[in-house]
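The feature region 'Disordered' is assigned by TrEMBL to 1-33. Feature annotation from TrEMBL assigns transmembrane segment to 71-93, 99-123, 135-157, 246-263, 269-287, 327-346, 366-386, 393-412, 456-473, 479-498, 686-706, 718-738 (among others).
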Amino acid sequence: MTATLLDRPPADLTSAAPELDWPPANRGGRHRLPAHLPPVDLSELDLVSATPRRAGGSGGRHRAPRPGSGHILAVTTLCLLTLGAVALCAMQLHTVDLAVMNGLGLISVLPVTMFVGVVLLNVGFIGALSLQRRYTWLLGIQLVLFVVLLHGITTVLESQPRFPISWIHAGFVEFIDRTGTTAPGLDARWSWPGFFALAASLVGSGDREALTPILTFTPVVSNLLYLVAFALLLGALKMSWQAKWLAAWLFCVLNWIGQDYFSPQGWTLLLYLLFVGLLVTWFRAPVTPRATTHRRIARAGRIWRRAWGDPTSGEAPPRMARPAERVVLLAVIVGLFAAATVSHQLSPFAMLMSAAGLVLARRCTLTGLPVLLGVILVAWISYLTYPYWSGHLGVIVGSVGDVNGTVSANVVTRTSHSSEEHQLVLYARIATTLLLFAMAAWGLLRRRRRRIEDRVLLVLIVVPVLLVLLQSYGGEIAMRVYLFSLAPACVLAALAFFPHPSARPSMLARAAAAVCTLGLLFSFFLTRYGNEQFEQITDETVATVESIYEQMPAGGHFLFVSGPPTRGDTPFMPLGYRDVEKVSLTNTEAPGDPSDVSGVLARLREQGPGTYLITTKGQEDYLSYGEGFAVDWGPRFRQALSAAPGMRIVLDNPDATVYTLDHGASHEPVPYEPPATGIEVGKTEWTAIGLVFLVLLLGILGVREAMSARLGPAAGRLLRPLTIAAIPLLIGFALVVLERFMSVI
């Protein structure tokens with residue numbers, strides 16, 4: 001043959017059939033496929049070139065034609081548009097005055113050029129998706145610029161790292177660096193010290209000067225790392241390259257939760273994305289029809305297939321790896337889970353339930369992995385978080401299954417107490433969340449209508465919702481559910497616009513994507529930075545805290561005003577960035593009438609000598625916008641405190657004031673007592689036996705999963721003895737855990 005099928009026009013395909021001598025004929029005159037040939041997935045064929053596609057979605061071995069002058073002009077125009085957009089965004093940022101922000105947050109003070117710039121950048125991104133060829137370098141640059149502009153704008157506008165809680169986390173790192181140990185009795189987070197210990201070992205210093213750059217740039221770096229991990233999941237799915245890049249863009253702009261700062265949650269979200277990506281890339285079970293002998297189930301299956309058709313899998317074939325490589329990948333997966341277990345309270349539960357969901361959905365070959373992970377998680381909670389749960393067992397299990405109370409604590413309470421301006425921020429967040437899941441549902445439906453089943457994505461969206469059944473998580477469980485569902489939801493939302501795995505999106509689909517992304521861009525500045533009025537940390541506030549440390553080297557007990565104390569609000573001040581063990585913080589309910597400070601004075605007297613009341617502008621703004629207090633509540637409250645009898649001002653500047661009561665020379669403050677440090681597991685009669693069970697159980701389950709990863713489906717019968725041996729150890733370990741929990745009731 002002097003010409004191949006790739007060189008011939010489609011009309012020539014029929015004349016090529018005799019030359020290919022296909023299909024072979026038998027004696028009966030019928031054509032049958034040879035039995036040794038594997039089944040062919042038609043979705044992996046390019047019907048234009050009649051050749052199998054490569055994994056990236058572009059077909060054939062032939063080289064793509066060189067772009068013409070018109071194509072080069074389009075790419076050049078998009079590059080210039082991108083540069084112009086960045087220049088517009090940065091043009092007037094130096095004129096922003098954060099002091100005049102209102103309840104809408106950062107969006108109320110940003111210049112118009114900033115919005116024009118991000119709109120042009122978005123147009124450039126959609127334009128790059130509209131090109132006939134994929135320019136990875138251009139899309140990658142645009143996506144990185146999106147992350148820097150959207151998630152890094154506060155690094156330009158604010159002189160100090162945002163989020164007061166990140167300063168407290170810096171204090172935990174400083175404590176570990178200074179003492180070499182932890183203090184589980186000091187704070188609940190000390191029972192999960194993995195993130196802080198890792199940071200202390202990597203930074204090598206707990207000084208504020210060393211940690212400040214890390215606190216400042218962590219949000220940008222975190223979001224870039226999230227996208228790298230997200231690419232693992234995208235690579236395991238049958239999607240067009242336009243849909244994959246749009247999903248990455250949606251992930252960037254819809255990640256408004258604000259958990260990407262220097263925190264265990266931000267760190268473990270990265271671990272979660274890597275964990276899920278590795279599972280669905282290398283350990284996804286091949287899709288095979290399940291035979292059933294039950295009449296009703298078989299009949300229901302026929303009815304379902306008649307209504308929807310027989311679908312193909314929405315996932316690409318799993319990547320091939322040698323047996324030894326699969327064992328190494330399994331060790332990495334277990335290591336990621338272990339790192340999350342020692343770092344965060346909630347993330348390992350999301351990882352465990354995701355693995356179990358993939359196994360139940362027949363999308364994971366490691367059928368025993370959820371049991372192994374569950375044992376690791378329960379062991380850590382039972383033994384190494386004992387100082388926390390032994391004194392807070394009622395708080396931990398009190399809201400289990402209370403969905404109504406959880407929803408009320410997460411949504412109703414937040415929206416009912418805010419000011420009118422701040423309610424717009426909260427409603428924008430709710431609307432954005434509902435829009436995302438509506439687009440995801442529409443994407444799932446559009447794919448299913450094309451007989452493509454995205455079972456992995458459906459599992460990864462639904463499973464985090466079950467976290468609501470655990471507890472309210474301090475009124476934040478709804479945001480954490482959104483966070484863990486964000487990646488698969490963004491994929492399905494992108495598929496709502498570009499559902500076909502190979503065809504170039506239509507002009508209408510690209511126009512719809514452009515309109516939707518523009519709306520989400522404007523909502524991002526409202527949903528992400530709507531709290532900036534009270535979440536920013538000013539130089540004056542930091543100076544006040546430094547003065548506190550200088551004047552009170554022995555530490556002290558600090559009182560701050562907040563909403564109802566039962567909600568456990570955190571102070572909007574950076575107190576605790578060092579010597580965290582010497583700082584004790586307690587909140588008391590702020591009076592609705594700022595002139596009535598009798599309740600605050602009574603609480604100060606109750607706490608005794610050595611107690612200080614600290615109020616900051618950020619805390620006062622939170623009460624005005626987050627709790628619906630009067631706009632001038634803060635100045636009036638400070639004025640009333642200054643005029644109160646017996647009240648003395650210790651430190652004062654426009655952003656923060658510290659007060660204390662004169663108790664007289666006869667009243668001495670309570671001397672500082674250093675907290676207990678080190679590991680405390682709590683001893684019961686069966687604790688030692690439980691440790692023996694644990695070691696044996698982890699060994700057997702680990703060997704079992706390693707064999708399963710190494711041998712694949714052929715390991716079925718070989719795993720049975722290990723499964724039988726693990727059952728009595730599992731029962732014994734569960735009884736010991738139950739005995740330990742019962743010992744504190």
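Quick reminder: no glycine exception, Cβ is built from N, Cα and C everywhere.
When Cβ distances are compared across the two stretches, the transmembrane segment (269-287) makes contact with the transmembrane segment (479-498), since 3 or more pairs at least 6 residues apart fall below 8 angstroms. Remote same-chain partners of the transmembrane segment (99-123), defined as residues 6 or more beyond its termini with a Cβ less than 8 Å from a stretch Cβ, comprise 81-82, 84-93, 142, 145-146, 149-150, 153-154, 157, 419-422, 424-425, 514, 517-518, 521-522, 525-526, 529-533, 624-625. Segment contact is absent for the transmembrane segment (479-498) and the transmembrane segment (686-706), given fewer than three CB pairs below 8 angstroms at sequence separation of 6 or more. The highest tally of CB pairs under 8 A with the transmembrane segment (718-738), across 71-93, 135-157, 366-386, 456-473, is held by 366-386. Of the candidate ranges 246-263, 327-346, 366-386, 456-473, 686-706, 246-263 contributes the most Cβ pairs within a distance under 8 Å of the transmembrane segment (135-157).
The highest tally of CB pairs under 8 A with the transmembrane segment (366-386), across 71-93, 246-263, 327-346, 456-473, 686-706, is held by 686-706. A Cβ distance under 8 Å defines the sequence-distant neighbours of the transmembrane segment (71-93), meaning residues of its chain 6+ beyond its ends; these are 111, 113-114, 116-121, 123-124, 127-128, 131-133, 135, 138, 141-142, 145, 149, 153, 156-157.
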